[in-house]
Every structure is written in C-alpha cells, then in structure tokens.
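Here the structure is laid out as structure tokens; the discussion comes afterwards.
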Amino acid sequence: MEDPFDSERASLPRNMIENSMFEEEPDVVDLAKDSTAFPGFPALDPDEVVYEPRSSRLLVRGLGENDLDDEEEDYESSARLLGMSFMNRSSARSPSSSPYTRQAPPRSCSCPSTRKLVVGVFILVLVSSMAMALYFLPGCTFTKAGCHKDNSSTPIEPVYPNSTTGEPFPWNEPRLPASVRPVNYNLSLTPNLTSKTFTGRTVINMMIQHDTKRVVLHSSDLNITKATFQVGKDKSVEVKVLEYKPWQLIAVSFPEDLKAGQVCVLTLEYKANLSNTYDGFYNSSYNDVTGAKRVLAATQFEPQAARKAFPCFDEPAFKATFLVRITREPEYITLSNMPKAKTTTLPSGLLEDEFEQTSVNMSTYLVAFIVANFTSVSRNVSNTLVSVYSVAEKKEHTHYALDAASKLLQFYNTIFDVDYPLRKLDLVAIPDFLAGAMENWGLITFRETTLLVGNQSSPLDKQLVANVVAHELAHQWFGNLVTMRWWNDLWLSEGFATYWQYTSLTTVFPQLYPGDEFLEVRFKAMAKDSLNSTHSVSVSSQMTSPEDVLEMFDSVTYEKGASLLLMLNSTLPDGQFRKGLIEYLNKYRGSNSVTDDLWNSLTQAQVLPQQESVSDMMRTWTLQKGFPLVTVSCKDGQVNLTQEPFLLSRENTTHTSSLWHIPVSYVNDSCSQAPSCRQLFVLRNKTATLKVSDSVKWLKLNYMNTGFYIVHYGVEGWAALINTLKTDISSFTAHDRASLIHNMFALSRLGRVSFPQVLSLLGYLTKETETAPLKEALSQLSSVYRLLDKRPDPYLVSRMKGYILNLFGPLINSLDWGEEQSVSRQELRSALFEMACGLGQENCTDQAKVLYDQRTNSTQPKIIPGDLERVVFSVAAQSDSGWLSLLEAYGHTTYDSEKRKILQALASTQDTRRIVWILNAGLQGSIIQTQELPLLIGTVSDGFAGHLFVWNFVKENWDSIIEKFPLGSYPIQSIIKSTTSQFSTQMHLEEVQGFFSGLKERGHPMRSVQEALETIRLNQDWMDRNLPALRQSL
C-alpha cells in the first residue's frame, strides 16, 4: 500500500554500486539522539523517528546522467534524514566572474530587428525577475550549508492521518516509533468455540525510551472496550484509544511528556471474532473417526498477525516476556509456549489455565496458544520434555515424529553449543493449518501431513516429516533465540533453518539422502533468481506493507539463503563456519541481529591470517539480486574466467555491472571425484586468469554444485565434457553430472547454447543410473513437454513424447513395482513411473491399474508401495469408476499422506465436469479443506484439459481466493505461478497482464505478478528461438 503521508525522512537508496563499493548508512535512531553531528540543525524529537535498526545500506554512484557528486549526495541524504528541505541544488554553484574583459565593439546606429527586440525584452524581464527573487531570498540560499533556522522560527508541522473517529492520529509512519519498549505482556483470553468469538485482556508493562506524548502499538480487528494507563506507582486512569486501520495501529496520546526511564502499564480490554482465515487466532473444525464435527482454535501469527489476537508491539525487534492465561470448557485442553503452571475452576464452571511466564524474551510472532481435543506422546530429552500432539484417533501416527524430534534436538544442542532454553517442546498436528509448519517457541504447529506418518507409510513420507521437523527445530536457535530485526533480513531465520534442515539430516538420518533434495532446491532457487523480478536476499528495511513482508517468504529467502550458507561453509577453512555461528548465537541470544552481524561474527572466527573477510565476500551475494554466470576457456594451461549477471530477461535490468566475489571450485581430468581433488580460486573482478598443467584436457567448475552460479564452457569445453560423459561416466560425481545437465538447460533458456546441444549432452543418459542427474533431466524435459503440450502443435508434442519415452524407456522397463527400501531409488522410481504413465505408456498404465484393482477389488486387499501410491491413484482417477472410488476413499482414510495423494489424483482428471467440481469443493472448504486449494490448482494446471479452465476459475473467483489467503502470501504466489507459468503466447501475456492490471491494489503490485509476466515473455522467446530446431531435431 502506498503511503499517502510522506515521511520527512527520505528513503536512502540501497542498491549495489559498481564494483561492489559499499558504504555504511548512519543509524537513524542514533542521529536523532545525537544532534551534535549537525550542530546547525534543530534536534529531532526521537518520537518522530521510526525504530529502524542499523543495517548496511548502499549509496548509488554513476548510475544516471544527473548524478550528484559525492559531497552533494551525502549532504542531500543527511538533509532529508533530518527533515530539512534541500533547495536549489542545481544552482549551488554560480560561475565565477571572468578575469578578462571583452573589448566593446565600435558604436553604430543600426536599428535592431523586431525579433531581436522581442528577445531583448524577454531577457530584460527574465533578469529583472531573477534579481527580485534574489533580493528577497536570504543570502544563505545558494550555499551548501543552506539557511540555518532561527530559534524563533515556527517548525513545519508534520501531517497526520485521521483516525477512525475523525481526530488526527498522532503518528504518521507504518513502522512503530522507538520511544516505548514493551517489557512484559500479561494476556488473558476467553475463546467461545460455539459463537466463534473471544474476549481478551492485555496488560503491557513498558519502559519509556525517549520523552514522548504518545504510545503507539498494533491492533487489528479488535474492538477495544476499555483502556487504562498507569505511570510508575501513580493511580491508573482511563484513557482514549485512537485507531488508524490502514496501518493497523492504535495510539494513546498524553498532554504532558512521558519521561525517559519511566515504567508504565497499559491495560486494554477487548472483544473480537475468531478469524475465519488461517492467521491470527482462528477457528477450525474437523470430523473425528465417528463422523462427528469437532472444533478447535489455534494461532498463526507470523509475520504480522499477533495484533489480531491481542494489542501489541508487533515487530520482531520489540521482544518481551509473556504470561498467558486461557479460559476453556472442561472437555478441551490448552497449550501455549510454556508449561502449564496451574488450572483454576471459575464460578461459571469454566477452567482457567495459567502458563509459566516465558523464561526468554520473544518476538510477538512466536507467541502461540491452542484450544482443542488433542492427545500426546512424550519423551524426556536433555532436560526437555518433548511431546507430539494430535487428534485422538491419530495418536499411533505420532511416534516417528517424536523419535525424529528427540534425535534432532540432541544434534542441535551439540552442534550449536547452546542448549535449547525451554523446559518443554511441543509439536502439534493441526487438522486445518495453511503453512507447512510454524516454529512458535516451545509450541511448534504443523499440518497433519508434515508431522504424522503411520507404520505402513513409505520412507518418502517419513523423509517429508523429518525435513519439516528438522527445519522447525533449527528455528528454535535461528529465528527464535536470535531474531532478525526486521523482515528485510528474514533469510537469517529461514535461510538458516533450510540449511540446517538438510545438514542435520545428513548426520542424523543419512538413509534419507537429504543431499539429493538439497541439490534440487538449489536448482529451484536459481530458476526464480534468474528473473529480473527477483529480489536480493537481504532487502531494503524500508519495506513496510503487509504484502511486501509476505512476499519475502519465497525460494530466494529460503533456498537461496541456504545455498549461500552452503557455499560459504564449503569455502571457509574447516571449523570456521561452526565457530563463527556459535559466537553469533552467544552474542545475540535473546535479542535481534542484521546480516552484517552474522558476517562480522564469522570474520572474527577467522583461522587464517591472510584470508579474505567474510563480510567483503558475502555482501556481494546478499545485497544484490541474482547470481553470476561464469564463462571459462582453457588453452595451453591458461584458464580465462569471466563473470556477468545471469539474467534471462534484460528488460529494465538494474544490475548489469554487478560483480560478485565468486569462490570458483574446480576439478580436472587428472582428479575429479574425491573432495581432495577440489581446488579453489576466488574471482573478484570481471575477468581473471589462472594456470593449470598444460596436460589438462578439461575442467569442471563448481565441484558438487556447492556454489551459487552457472558455468558456460564454450563450444570446445562443452564438447570435451560431453565426450567424457559418454566414454567414462564415472569421471564426475552424480551431483556434478546433475549440475552439467542443469547448467546446459539454463544456458539454452538464456540463448547461449542451442537445443540440439542440449540433446547432445542428454545422449549420455542411457548409461546413467543415479537419481540426482536422472531426476534433473526428467524435470527439465517435462517442463519443455508441458510448454509444448499447451500449444496447438500435436505433431511436435507427439515427437517430444516419443523422445522422452525412448530416452528413459530401458531404465523404466528395468524397474519393478514391488517394495523398495532405498529412499533414493524410491524417488527415482516414482518420478519415472509418473512421467511414463502421464505420457500414456501402456505398460505403465496397465501395471498401475492392476495394483489399484488389487487394492480395491480383492477379498484380501494388497497394499500399494507408498512411493507408487500417487501414480497408481492418478491412473485410476482417469476412469469414472476409479475417480468415484477415490473420492469415497478420500473421506475415510486416516493416513494423511495417503489422503493428499488421493487428492492430487482426483485433481489430475481430464474430465472437465470433475475439474469444475473439485475446484469449487476446494474453494468452499466443506468436503475438501481450503488449505488444499493451491495444491488442487497446481495439479489441474499441469493437465491439458484443465490449464485454461483453472486460469478462468482463478480470474472469476479472485476476490473469494484473496479473502482466504492474504495478498502476497505463499499460497497466492503458488496460485499465480501454477496458472500462468505454462503460457507462451502473446495472447495469454496480454490476458494475464490485463487481468492483474485491472485489480489495482487487489493484486497488481505483487512481485509474483511481475514474475508471472516475465516468465510468459521468456517462454514466448524460448519457443520462438527453439521451435524450428525442435522440429528438426526430434
């Protein structure tokens, strides 16, 4: 949302300057307090300064025709920061008078022409006007110092918005002021699950940081019925609360200053409806094993929804302690972050549960509470009681999660050298929960599908649970113990949790092959980060709108953040990464940090004296968007390296001159498999050279794909690598082979290699047996096939289908449909069978039908291997009888992983009547939970029959969709991407652009919309470039 009230403090630029020259921006709060730095300017009221932690900002130089010089730029930024008007910059320099005099021409009596007369009069009037203006302007106007305000001058009054009552609201920024800090919250809530309402009482103990006449905090959709305020030990007095709804702010104003150092108490009583979406304090329901409807209430506060449950300072940096009381009916239990301290029976017969006060300072988004009918299993681990909660009938599905959480908690306690600080850790499966999971401190909430698995569940289902549990437990340190100061550094939480998710599983559950999955998500992050519509990992702290904050929860923040940590760890000497992280956790535990704090801790842990500063290297990766393309050539032992941004779209690009400090790892034909073969060179400049032995035949850069960059080897380099793959596949690790496939397809999309070159590389796959390269090739070819399938060229589609089946056919025929214990082989088998059956290979569909019949029609039903359930169900769903039997099974199965696979199969139907039904059912939420709507839309979009229909469905139901999922949220991002990413025509581009443009604030400003439009253009360009070659090659 655009801010209608311009701040006196101008936004300083935060872009990457050429050649990675960085400067530090002053801390806004410090400038406000320290007016001595600018003695001629009046000191700012600290209340006029938004709380903004110090962070690295970048000043732009040399990026435009009207650049400021160094002094003017710095001065203008400072002047704006201090509320000064920067006047007449272009007139600051007046030309000095010339030391020479012009000799007067001989006098003459010639009569001037009419034109000359008019010009002369115009000049005379202009000069006279300027002279008058200069006469009345103060003499200091054209100096760099400007005009110092006289103490008697009247300051410009800030413009304030109107509150809901029509009175001026006493604050004009979307971010909170720094004048007040909460110390403790005392929360009392009484939810009524029948009327779907709740009442609350919030007592906030706070400390005044700077003299102020106002207290400003957050509240959303809360009807405040009474407010009192107490200063120190004075008597509590009733106060008036003003509200400004566009920014979800409330405020209390005072006639006299509250003084710095005073302790005050604000008490607010209120009532509200339980939320009917998936954030705030929301109500939900499910059917138990008997079919009876059960209700519950749960919370989801990240990123900015705690304000929907209680008035609070709802920003990550405003940490405090919390004491929670919840009143309930006797048949329910309540859970919160801390252990229960006591239960009191009230005169009404209701019970009030009081929880211990949090032993740690927490951000508001980590507070959580639940009222439900749940049961649990528990285990003591390292002085912490670990429990897994679920609905009663699924209790037997909780044991794997308990075991995984127990082992991972011990691992993190050891590796971080900082023990988990709470006495209990609850993991709760909620039947109706939008996110995959949420890391609330001491009370982690999950979807049932990401926490519960039965004894018969496949290792792939257990892999999912282990991944999510590992991610959320890592958050207890990265995100909870140390929290980013603002959402612009969300990657410090999500990037770290993603990195440790895979790193921890490699040690604790190596049989789950987490390395292959980590490689896949790195490729996924590159796909998004290659678009011009991407963003840097650490973005401007000026980001304030809810949509901007929600859109930070994407693959750049999660997977790219994790990828950069992997690259850094693989670059640093052994031990430095862990040592630096332990120092970082200990230094900032219980408080907040910015990205530079992390780099500084890692730099201080440096073990080699001549080593490059971590900060110098990593700021080139986190403060600019995108990633580099490294082009390499080798001749007679001299290796030439060149870097440039890998940008699929050059339109409106802002960082074509960017440089990265790239840790280029490489191996060669003499030694290429073992980690000891790896050599390292840091490419800091645009170009560089290095020497290798004259006998080197080929180089493979980016060993094991630990670096976040793509490599182009040129015609000769690629030819040498492809020849090696075909003659000696064991020359490269499986991850390096997957990397070569990924890089080749990426370069094809960029236009640097032709599609026949891609097909030449893929020719080696007849010898490939490893999961990572096979799945990468399959994924890339499937994407191309889906694009072709949506265009009116059935002949080319048929040829592409034949090429894929011929390429993978021998491998598919070698696989069986029985039980398989290896997770890696299960992943490969399920991917290959889904592709083959999806393309209609008769052997595949026949075998799938046999397995489904054995499951449903036999007197002794046969269990389908878990990794094959989805493909078997999808084949069955293509017939009327199969679809109806699956719909019936969906309503009865208690295995959540199986339920989700059935749902995907139902959505894969090519029957348009059933597509209509299932999409409407997902939107209504009675038979199919609304949380599954993005999954349904994505599955329907992949099919030929549904891809146009589902786009129309989204357009027609957009308002209903954004009522259920907030703008900018991951479900909205997913829906936009899945419904538009396979369009490749001008007609579809114009249609998508027209639809979202017409939405205005209801959708158009989102980054995901710009990403969708850019993707369609790129698909269109790729088709235009490659269709002739495809017709000729296939």
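Positions of Cβ are set from backbone N, Cα and C atoms, glycine also.
All annotation found in TrEMBL is predicted automatically rather than curated by experts.
Around GLU472 (active site, proton acceptor), a 10 Å sphere centred on its CB holds 27 further CB atoms from the protein chains shown. Annotated active site, proton acceptor per TrEMBL: GLU472, in sequence order.
For HIS471 (Zn(2+) binding site), the count of additional Cβ atoms within 10 Å of its Cβ stands at 27 [all protein chains shown]. Sequence annotations record features per position, and here TrEMBL assigns Zn(2+) binding site to HIS471, HIS475, GLU494.
Annotation source TrEMBL lists compositional bias 'Low complexity' at 89-99.
The domain 'Aminopeptidase N-like N-terminal' annotation in TrEMBL covers 182-366.
Residues annotated as domain 'Peptidase M1 membrane alanine aminopeptidase' in TrEMBL: 400-621.
Residues or ranges marked as domain 'ERAP1-like C-terminal' in TrEMBL: 698-1017.
Look at TrEMBL and you will find 89-108 tagged as region 'Disordered'.
Cβ neighbours of TYR558 (site 'Transition state stabilizer') (same chain, under 8 Å, six or more residues apart in sequence): TRP491, GLU494, GLY495, THR498, VAL521, ALA525. Residues or ranges marked as site 'Transition state stabilizer' in TrEMBL: TYR558.
For 117-137, the entry in TrEMBL reads transmembrane segment.
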*For HIS475 (Zn(2+) binding site), which residues in the same chain are close in space, meaning a Cβ under 8 Å from its Cβ, but six or more apart along the sequence?*
GLU439, SER493, ALA497
*In the same chain, which residues outside the set HIS471, HIS475, GLU494 have their CB within 8 A of the centroid of the CB atoms that define the Zn(2+) site?*
GLU439, GLU472, ALA474, PHE478, GLY479, SER493, PHE496, ALA497, THR498, GLN501, TYR558
*Please give the average pLDDT for the domain 'ERAP1-like C-terminal' (698-1017) in this predicted model.*
94
